[in-house]
C-alpha cells in the first residue's frame, strides 16, 4: 500500500500536535477497552503504481515479532502455517546469508519459530555457512532445544565442504549442549567420528571418540569399524586393538571389510591366537575370507613355527577355490626350511613350480644353502644348477656354503670346480671359503695346488699368514714332516711369515722323526726371533741325546743343545769340566744352578730336567755328579714325598715318578742315608720299603741283586725287614756299593745298562707315546 495514497484519501487536521488514533500501529497483542483484540474500523484501499485500486477492505493487522503466533485478518485470528514459516525463514536466510543483518531480520519475523521450523529450514538451505548462522541464532533463543537431526545435518554440510575445523568446533558445542540439557545426540556423535576417521584425522577422531565414550553415549558398529580401519591404515595396530577391545566390551561386531584388515594386522603383530579367533568368527558369521586373510595367517603361523596350523589354513584356502601366490609359496617353504623340515619344503618347492610360478633368487638361495648345510649335497647341487639355468647369479655366500660343505666331506674335485666357477664369475671368495679349501688340500697333501690357491688368496688382498700357518699345522699334526718343511720353504719364498709356536711344533716334530739337520735351522730361527727357549724344550732335546745311539746324530744333538743358548746348557758344560775350570766343587756348582730356578714358574720343568739329566749322567758313568744332582734336587723339595721316615715302624723310598737313572741314583743315595742312621744312631725300623711300581721294579731289583740284597720283590714294592737290612749294611761290598766304590759287575750294570729312558715327565709333556721301560741288555 502506498503511504502517499493513504494520506491523500484520509482527511487529516493540519494541526501538527494532533495524533489520530487510526495512525497508532495496532498489534494483535494489543487489547481494546473491552479486553478483546483491537479491530480495524477503516476501509483500506490497496493501489498499484498508477493509483488504481487493487483491493479495498479491512486490513491485516500487524504482529509483534516473537510474541504473536497468529495474525488478525479483520476480526479473524489466523495461525501461521509451518510451510509458510519455514518458507519465510528460508527466504530471509537465503537473502541475508550471515552476519548481524541476518540476525536482525530473523528477530523481526512475524511469528515465533520452533526447532521444527529450524530443522526443516536447514534441510532446504544448502549453504553450510548460512545454516550455521541460522543455527547459532536459534541457539540464543529461549525456545531452543538441542536436536540430534539438526546437528547431523550441520555436520553433513561441513563434511561436504571439508571444513573439519568447523566440525570439531561444532562437536564441542554439541557436547556442551548434551551435558547441559541431558539429551543424547547418538546419530550426530557417530557421524562426526566417521567423517573425521574417513578424512584420516587421526588424533581428532580418537579424541572425539574418547569424549563420546566418557559421555556415556553409545557408539555404533560403523563408527568402530571406521576408527579401526583408520588406525590400521596408519600403521598403528595396537591402537586399533585397543578400540577393538572397547568394541568387544560394547557387544559390537566387525564388518566384513574390517575383518579383512584386522586379521592380517593381528597376525603380523604376533597376536596369532586373537587373529585365528577372528578368522573362525568371520567364517561363523558367513563372511568369506579374502586372500589377504589367508596369506597373513599362513605367513605368520609359519614364521612362528606353528606349521600344522599354517598348513591347515593353506589347505582351507584351497578349499575356498583361492589360488596360492608365489609369495605364499615362498613363505611356506622358508618356514619349513627354518624348522629343518626339508622334505616338506622340497614338496612345496615342486608344487610351486608345477603351479607355474618361477622361484625367485632368495628362494633358490634358501633351498641350495639349507640342503648343503644339512649334507644333502646332491639336492643342493641340482637346485644350484637350476638356479644358474634360470639366469640367477649365485652370491658368494651360496658358493661358499657349497664349497665348504664339499670340502668338509673331502670332495676335492667338486670343491675345486665350485671355486673355479666362482672366480670365473668374478666373485670374491670369502676368508672362510679359502680356509676350508686350503684345509681340504692340506689334508689331501696337495701342496702345489694349496700353494696356488694361497697365492690367489694373497692377490685378492687377504692376509695369508694365518691361513698358511694353519696349513703348516695340518702337516705337522698329520706327521708329514717332509711336507711341512716343503710348505715352510714355500712360505719363505713367498714372503709369508709364521709364528714361533708353529716353528717350535715343527722343530719338535723334526726331533721326533730324527731329522736333526732340518731341526737346527728351525731352532736358530726360533731363537733369532726373540723367542725364549725354556727349560722344557731344552730338556726334551737332552732326552733325545739320552736315547741317541749313533755318533753322528750325537754331534747334531750337541750342536742343537748349544744353539738353544739356554743357561741349562752352560750348567751342563760346567758339570762335565774339572774343578779347576769351574773354580768350585761339583755340589756347590749344582746348588748354585738350582738356586737360579724360579720354582713358582718352573717347578714342573725343573723336575723334568732332573729326571732326564740323571738318566744322562748314569749312562755317561757320572755317578758322583748324579748323586750331587739328586741331593740338591731333594734339598729343593722337587721330590718332597719320595723319602718317608715313619719312626721305628717303616722307612720307605717312592721312585714311581722318577726316570730309570733317577730311580737308580735315588735308591743308592737313600740306602746310604738309611745305613748311616742305622749304624751310627742305632735306629732300626721294622721294615724298609722301596716303592718302584711295575715299570722300575726289574731295574732296581737287578741292581740290588748284584750285591746280594735282602729285599724281596713283590708286584710294585721291594721290601725287607729292618734287622736283615742292618746285617746287609755291615757287609764291605755293600759299603763300597753305597759309597760308589762299585765292583766291576755292578759297574757294568750302571754304565752299560741300555734302557729306553722316558722322554719326559708325565705331568709336563710327551713327545712320544709312553713305552714300557725294559732292560734290553742286562748284566
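Every residue gets a Cβ built from N, Cα and C, even glycine.
Sequence annotations record features per position, and here TrEMBL assigns repeat 'PPR' to 220-254 (among others). Outside the repeat 'PPR' (220-254) by six or more residues, the chain places 186, 190, 193-194, 197-198, 200, 202, 205-206, 209, 213, 261-262, 265-266, 268-269, 271, 274, 278, 282, 285 with a CB less than 8 A from a CB of the stretch.
The repeat 'PPR' annotation in TrEMBL covers 255-289 (among others). Beyond the repeat 'PPR' (255-289), the same-chain residues lying 6 or more positions past its ends with a Cβ under 8 Å from any Cβ of the stretch are 221-222, 225, 228-229, 232-233, 237-238, 240-241, 244, 295-297, 299-301, 304, 306, 309, 313, 320.
Feature annotation from TrEMBL assigns repeat 'PPR' to 290-324 (among others). Sequence-distant contacts of the repeat 'PPR' (290-324) (same chain, at least 6 residues past either end, Cβ-Cβ under 8 Å): 259-260, 263-264, 267-268, 270, 272, 275-276, 279, 282, 331-332, 334-336, 339, 341, 344, 355.
For the repeat 'PPR' (325-359), same-chain residues at least 6 beyond its ends with a Cβ under 8 Å from one of its own Cβ atoms are 291, 294-295, 298-299, 302-303, 305, 307, 310-311, 314, 366-367, 370-371, 374, 376, 379, 390. Annotation source TrEMBL lists repeat 'PPR' at 325-359 (among others).
Tertiary neighbourhood of the repeat 'PPR' (360-394): same-chain residues 326, 330, 333-334, 337, 340, 342, 345-346, 349, 401-402, 405-406, 409, 411, 414, 425, selected by CB-CB distance under 8 Å and a gap of 6+ residues from either end. The annotation repeat 'PPR' is assigned in TrEMBL to 360-394 (among others).
Annotation comment: TrEMBL describes 395-429 (among others) as repeat 'PPR'. The helix, strand and coil residue counts that DSSP assigns across the repeat 'PPR' (395-429) are 26 helix, 0 strand, 9 coil.
According to TrEMBL, the domain 'Smr' annotation covers 653-729.
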### Message
Looking only at the repeat 'PPR' (255-289), how are its residues distributed among DSSP helix, strand and coil?
### Response
26 helix, 0 strand, 9 coil
### Task
Give, as a single whole number between 0 and 100, the mean pLDDT over the repeat 'PPR' (395-429).
89
### Task
Kindly report the helix/strand/coil residue split of the repeat 'PPR' (360-394) according to DSSP, in that order.
26 helix, 0 strand, 9 coil
